[in-house]
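Now, the feature entries from TrEMBL:
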type	residues	note
COMPBIAS	1-22	compositional bias 'Low complexity'
COMPBIAS	23-33	compositional bias 'Polar residues'
DOMAIN	48-106	domain 'LIM zinc-binding'
DOMAIN	107-166	domain 'LIM zinc-binding'
DOMAIN	167-226	domain 'LIM zinc-binding'
REGION	1-33	region 'Disordered'
């Protein structure tokens, strides 16, 4: 069986923020989104400096990314349209309206083929929505947990071992891919778990006896009642 870990780091360099967008809504199941919105501040006693033109703003202004902007100068770096009333995304030091970001930068989900505006899962050489990369058994998002592949389908660790895994008779923990194991007394054991039930001496490669499915070394085979 194949195993792996997934990375949930976004392929973009954008700043992650929780917000909803009225235009080009992200997937409803996305708990996080790169799309942000500017805050509208009415004119008052404050006279902040515009981050675009570096001039004092004497009327209403916008606040975004901790900076202040003239409303007419808060524009998309690509289409130049105002972003005063729509969502925007910071990408590689520039600001883009969410439509341009979706068109030019957002990765495509390997399952639904829709653009990903929120948290990105990188797995199996593809990108996925969190809600699209799920265990085929329980349907829960795998996120950055260990997963296993069976017939090309991902399974969370719990369901994989429940359906396909082998449990060590000694410690009752799964025998994972790469573990050394042996078969004895009709059971499967980690090589380090197949020991005498009395003295815990390793029985691997040794003559052993059993009572009630419990392995015993030669020394304790006839001297102990189990």
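Here, residue 1 is simply the first one shown, and the rest follow in order.
For all residues, glycine too, the Cβ spot is worked out from N, Cα and C.
The predicted model assigns the domain 'LIM zinc-binding' (167-226) a mean pLDDT of 85. Across the domain 'LIM zinc-binding' (167-226), DSSP assigns 0 helix, 20 strand, 40 coil.
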